[in-house]
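Inspection log for the structure reproduced underneath, given as structure tokens.
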């Protein structure tokens with residue numbers, strides 16, 4: 001049993017699992033994306049919300065939208081479905 005625990009722990013360390021963060025399209029509390037035209041805007045918004053960095057994805061799945069790297073789980077992200085505010 002100890003071997004199984006040690007192997008599992010080693011795999012987690014080797015794969016670099018970071019709990020509490022993810023890469024995603026940042027959204028407001030109404031599931032609306034942050035529309036962008038410049039990387040600097042997204043970088044500012046992402047960092048302000050606790051991400052490592054961010055950039056603008058042009059003509060992506062949701063149009064021109066901000067993509068954040070290592071965004072905390074507490075920050076809303078775009079989920080499938082409509083924007084409820086526009």
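Positions of Cβ are set from backbone N, Cα and C atoms, glycine also.
What Swiss-Prot annotates here:
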type	residues	note
SIGNAL	1-19	signal peptide
DOMAIN	22-84	domain 'LCN-type CS-alpha/beta'
DISULFID	32-83	disulfide bond
DISULFID	36-56	disulfide bond
DISULFID	42-66	disulfide bond
DISULFID	46-68	disulfide bond
MOD_RES	84	asparagine amide
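Structural mapping of features recorded in Swiss-Prot.
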residue : record           : Cβ contacts under 8 Å, 6 or more apart
36      : disulfide bond   : 42, 56, 64, 65, 66
46      : disulfide bond   : 26, 52, 53, 54, 66, 68, 69, 71
83      : disulfide bond   : 30, 31, 32, 33
84      : asparagine amide : 30, 31, 32
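Within the model, the domain 'LCN-type CS-alpha/beta' (22-84) shows a mean pLDDT value of 97, rounded to a whole number. All protein chains considered, the CB of residue 66 (disulfide bond) has 28 other CB atoms within 10 Å.
According to DSSP, the secondary structure content of the domain 'LCN-type CS-alpha/beta' (22-84) in residues is 10 helix, 27 strand, 26 coil. Look at the disulfide-bonded residues 42, 56 and count other Cβ atoms within 10 Å of each Cβ; 56 has the fewest. Counting other Cβ atoms within 10 Å of each Cβ, the lowest count among the disulfide-bonded residues 32, 68 belongs to 32.
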